[in-house]
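Colleague: So Swiss-Prot lists the following for this protein:
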- 1-33: region 'Disordered' (REGION)
- 1-11: compositional bias 'Basic residues' (COMPBIAS)
- 83-118: repeat 'Pumilio 1' (REPEAT)
- 119-154: repeat 'Pumilio 2' (REPEAT)
- 183-219: repeat 'Pumilio 3' (REPEAT)
- 259-304: repeat 'Pumilio 4' (REPEAT)
- 316-351: repeat 'Pumilio 5' (REPEAT)
- 353-389: repeat 'Pumilio 6' (REPEAT)
- 489-526: repeat 'Pumilio 7' (REPEAT)
- 527-564: repeat 'Pumilio 8' (REPEAT)
- 619-645: region 'Disordered' (REGION)
- 623-636: compositional bias 'Basic and acidic residues' (COMPBIAS)
Amino acid sequence: MAKERGRRNLKKIKESSQSDSLKTLKADPSPSREAAQIDVNTFFGLVNSEELDYFKQAESTLNANAFENSEERQGFVSSVFEEAKGKELKLVTNQICSKLMERLILNGSDRQVKRLFKAFNGHFLSLAVHKYSSHVLETLFIRSASVIENELLNNYQEEEAEEEESDEVFATMENMFLFMLAELSSSIQKLIVHQYGSHVIRLLLLIVGARELPSSIMSNSILRSKKSKIARKMIEIKDNQDSNRAYQVPAGFKNELQELLGLIAKDKDSKQLRELAIDKIASPVIQLCIQLEGLVDKDRTIWTTIFPEVDDKDPKEEAFVEYLLSDPIGSHFFQAAIKYQKPKTVHRLYDLYIKDRLLKLAKRETTGAFVVKELLGKLKATDVTEMLDILIPHLSELIENNLEIGQAIVDASIARNNYGKEGIISQFLKVFNDANVLESVLKLSTSTLGNTKNDWPTAEERRCAIFLEKLVEYDDSFLDAVIAALLELPEDRFIQMCMHGVFSHVVESVLVIERVDIVKRRRLLNIFTEHVVTLSCNAYGSHIMDKLWQFSIKLNLFKDRIALALFENKDKIKDSIYGKLVWKNWSMELYCRRMYDWKNLIKQQELELFPDHRGAPTLLKKRPLEEPKKVEEKKDKSRGRRRYH
């Protein structure tokens, strides 16, 4: 009998073992998918044609929001609530009427929310697994969290007259909420793998965990599915002030959180929880459980069941980690899960399964690269510098199709006193040296720049712009490259960039007086001064005009030309809400009425920025017969700006 080979044969056996484990993961159907078929009644009757016409018109009226005041709107909402009384269940399960119910919840009073909550008692499970009513429940639960906080703070905003006229007696919102939790808890293991019910469970976990409740329309929201977020934008259902914030909840909600997490993990071993972690429906729920369990469980039962704390490699765990690093759903789970773990815990997984093939994983741009990016911000300094030593020499390859990994490497370098900066710069310059950096990074030729259809900037454009801004901030060589590329653009294209919702931020990022030499400042200002009015009256260009107040220091000829253009077109400037802010931030009222004071303001600005400059001009003196007036220091009038709309 032939002698078996040594290490090579062992390697084959090991690979075969891992392959079998991976096949098992891939071959298994979604966990408990058949069990997730919840047998409940979701039919509560049909809305007749007359009712449908009335409620459809009411939905349109609320959407138009053409009420003269809030009292008129509240009166209309109350009348629709009254008309819907006794019909709530069939309305929330109707496609058109469910949108109306969401609007009523968003505009209703605390008492009206309680009345609706009471109408759903005993039917929450049925509503949670229905395509339309599940969305209504999510909106209702967010409003309920607001009411619970009001009750805790004794901050009731109900009209006393309404309570006196009504004979209805309601329990506290807290008790009603707990009663609903009890109804859903019995089916929670089926709900977490249900197409609609899983979203409801995610929201409930956030509420009882006192975490921020996300927007239902933002692209990165964990509250709704992608289709739901797009649909809500199309039908113009906007969140009220209750979203995008956390609420105070009773202390007893911690016990509810602990109970919910316990029910989700009940009777589940590593294999079953791992199946849930890679299931496209259940995975976001398990991510959230891992995020929250540290609040009530020091042992972090769900995490340690999925990733047992052992010192050596485990073939099954190794196969599972490999699947996570090669699967889009799995990599998203892995990235989100390690974000909330201690560096020591994450180090074990990195050291056992990732370190030896870090570069290979970083090249998996749709899977493993996201985990590598998270590790760069999570691990200890020694691990991160080790990662940088491996990744930096190959940075030019990595960013060809994945700019985000480049940004993560730059962030990691900055966080560690610019570790490996020279290598990073040389790698980036390999890519951008022989090409226009704006085209290489922003892909201007295929972007929404210059579109006349009011296209929103794409998510890809936002990512590319943020990456380029990061490079400009990182080193002057990138700043110079971007300025050179801007100056090479046709003038109309340059101005289009200044008025673009995303690319205008890139232009703003180079307008830093301390880093740009005077020759380049003159060349840029030459272009800006020809388009003062256009930029001032634009939502994005007006921010660039604000920055030019400081960018034109010691180039007073350009500052005067800009001020003169504003003055000569003051009617048009003042008619624009954006132009008014530019007018204010350039102190144009002072320019019109007290030119000496305006000139002195400029001199003070120069002295503040260059206090040690020899031969700095002195403040202009007033006319002899006028009473001297002290020039007040210019206050910072910079206005807030959202980061990409």
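A Cβ is built for glycine as well, from the same backbone N, Cα and C atoms used for every other residue.
For each feature listed, report its degree of burial, its nearest neighbours and the pertinent distances within the displayed model.
Modeller: Across the residues of the repeat 'Pumilio 1' (83-118), the predicted structure has a mean pLDDT of 93.
Note on the repeat 'Pumilio 2' (119-154): residues 38, 40-42, 44, 88-89, 92-95, 98, 101-102, 105-106, 108, 110, 113, 172-174, 176-177, 179-180, 183-184, 187, 191, 194, 196-197, 199-200, 203-204, 207, 213, 216, 223-224, 228, 242-243, 247-250 of its chain, located 6 or more positions outside it, place their CB under 8 angstroms from a CB of the stretch.
When the repeat 'Pumilio 3' (183-219) is classified with DSSP, helix, strand and coil residues number 19 helix, 1 strand, 17 coil.
When DSSP labels each residue, the repeat 'Pumilio 4' (259-304) comes out as 32 helix, 0 strand, 14 coil, counted as helix, strand and coil in that order.
Per DSSP, the repeat 'Pumilio 6' (353-389) is made up of 30 helix, 0 strand, 7 coil.
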Colleague: Please spell out the DSSP helix, strand and coil residue counts for the repeat 'Pumilio 8' (527-564).
Modeller: 30 helix, 0 strand, 8 coil
Colleague: With DSSP as the yardstick, break the repeat 'Pumilio 2' (119-154) down into helix, strand and coil residue counts.
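Modeller: Helix, strand, coil within the repeat 'Pumilio 2' (119-154): 26 helix, 0 strand, 10 coil.
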Colleague: Mind checking which residues reach the repeat 'Pumilio 5' (316-351)? Cβ under 8 Å, same chain, six or more beyond either end.
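Modeller: Sequence-remote neighbours of the repeat 'Pumilio 5' (316-351) are 17-18, 21-22, 25-26, 270, 274, 277-280, 283, 286-287, 290-291, 294, 303, 306-310, 361, 364, 366-368, 370-371, 373-375, 378-380, 383.
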Colleague: Could you break down the residues of the repeat 'Pumilio 5' (316-351) into DSSP helix, strand and coil, giving a count for each?
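Modeller: Across the repeat 'Pumilio 5' (316-351), DSSP assigns the residues as follows: 31 helix, 0 strand, 5 coil.
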